[in-house]
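Participant: My questions will all concern the structure given below.
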Amino acid sequence: MKPILISGIQPTGRLHLGNYLGALKNFVDLQNSGKYECYFFVADLHALTENPDAKDLSRNIINLAADFLAAGLNPKKSAIFQQSKIEPLQELKWILSTLTPISELIRMTAFKEKVLQAIKPAEAKKITKEKFEKIAEGTNFGLAEYPVLMAADILIFGGQFIPVGHDQLQHLEFTRTLVRKFNKKFGKTFIEPQALLAKTPRLMSLDDPTKKMSKSRPAGCLFIDDSPEDIERKIKTAITDSGSEIKYDPKEKPGISNLLSIIAGLSGKSLEEVERGFSGMNYGETKHSISDYVSDYFSSFRKKKTALLKNPAGLKKILQLGSGRAAKIASKKLLEIKNKVGLL
Ligand code: AMP
Ligand code: TRP
């Protein structure tokens, strides 16, 4: 049997180039390698932790399904499904939560970042432990539980390989710890999952290359369904560095290095090769050439996505079929887990 590979993306808005290079492109490449049994899902339950408007959430679920398919995920090759349709997840999440100290959850970087979003950045920098705890007490519990649900997502399918961006590594480490704890107490049940990082696991923001590109800072995002005009404008105004040399040097030249890493990630070329390709050009010419490349790269994606979104019922159907298949597998695994735990 092929090793099991699984990953999800939250339907919290349009996908940016960081999501694509850190996750979605890798999903497609790994699916097409034929080496894995693949599961890819819309992490709608995780998205609920942001308390979205119901209509927005439904629209984002369909929109993400369209992104998956337009980018090349194929329901004939992979199980493509919706997290909220997998009911056994809830029971596994509960079992795993009983093995999780609260202290581990509130120490997670992603949780801390979410909590601190409630206050001004300058204030967040010098926050005391007491003040942090006070704010954390008022945050929704789902945000703290987030990694337990993510561990359940992986373990309910026996996931071994998990393609994610850099910001998810801590959650995977948490999952591995849980696996060791569970196996020690109840006997070998799960395999410790391993992260598969893409070539560009941490793309930086266009408006501030010292911060990662993130849906929570739309000003620095290049969305993968942006029009060619928007792509051109955003790359043209992307922050670059002093000097004029085109060089990959993330310390001294974080702006241009970030743009070069976009081309390396999309083309599969090495950074040296990309750098050489731009030698002799100035910043303006380089940016122009990069925006043409990005625009061309996503041209067929844009067309496919527009066509897919004309038939939302078709997209729903694909999710439904995938969810049905995945739920069956999850139910089987849950029985095995409940037996191990002693829930006769
Ligand atoms: P999310 O939107 O949080 O569900 O993220 C979806 C996937 O994109 C996850 O695997 C993230 O690790 C990845 N990701 C998010 N932001 C970036 C970024 N700036 N660079 C690379 N990968 C990213
Ligand atoms: N937490 C991931 C993110 O924000 C999404 C996700 C949920 C996930 N469950 C998962 C990724 C399981 C990999 C495996 O990007």
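Easy rule for this one: first residue shown is 1, then count along the chain.
Backbone N, Cα and C define each Cβ position, glycine as well.
Bear in mind that TrEMBL entries carry predicted annotations, made automatically and left uncurated.
So TrEMBL says this about it:
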- Gln10, Pro11, Thr12, Gly18, Asn19, Gly165, His166, Asp167, Leu203, Lys212, Met213, Ser214, Lys215, Ser216: ATP binding site (BINDING)
- Asp153: L-tryptophan binding site (BINDING)
- 11-19: motif ''HIGH' region' (MOTIF)
- 212-216: motif ''KMSKS' region' (MOTIF)
Participant: Do you know offhand how many angstrom separate Thr12 (ATP binding site) and Asp153 (L-tryptophan binding site) by C-alpha?
Facilitator: 18
Participant: Can you tell which of Gln10, Thr12, Asn19 has the most other C-beta atoms within 10 Å, given these are the binding-site residues?
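Facilitator: The most densely surrounded of these binding-site residues is Asn19.
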Participant: Measuring CA to CA, name the entry from the binding-site residues Gln10, His166, Leu203, Met213, Lys215 that ends up nearest Asp153 (L-tryptophan binding site).
Facilitator: Gln10
Participant: Let me know how many other Cβ atoms fall within 10 Å of the Cβ of His166 (ATP binding site).
Facilitator: 16
Participant: Check the motif ''KMSKS' region' (212-216) for me and report the mean pLDDT.
Facilitator: 93
Participant: Using DSSP, how many residues in the motif ''KMSKS' region' (212-216) fall into helix, strand and coil?
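Facilitator: Final tally across the stretch: 0 helix, 1 strand, 4 coil.
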Participant: Work out, from DSSP, the number of helix, strand and coil residues along the motif ''HIGH' region' (11-19).
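Facilitator: DSSP classes over the motif ''HIGH' region' (11-19) add up to 3 helix, 1 strand, 5 coil.
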Participant: Which whole number of Å gives the largest C-alpha distance between any two of Gln10, Pro11, Thr12, Gly18, Asn19, Gly165, His166, Asp167, Leu203, Lys212, Met213, Ser214, Lys215, Ser216, the residues noted as binding ATP?
Facilitator: 19
Participant: What three-state secondary structure does DSSP assign to Asp153 (L-tryptophan binding site)?
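Facilitator: Note: Asp153 (L-tryptophan binding site) is helical by DSSP.
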Participant: For ligand 2, which among the binding-site residues Thr12, Asp153, Leu203, Met213, Lys215 have a CB under 6 Å from it?
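Facilitator: Result: Asp153.
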Participant: Same-chain residues six or more away whose CB lies under 8 A from the CB of Lys215 (ATP binding site)?
Facilitator: Thr12, Gly13, Arg14, His16, Asn19, Cys221
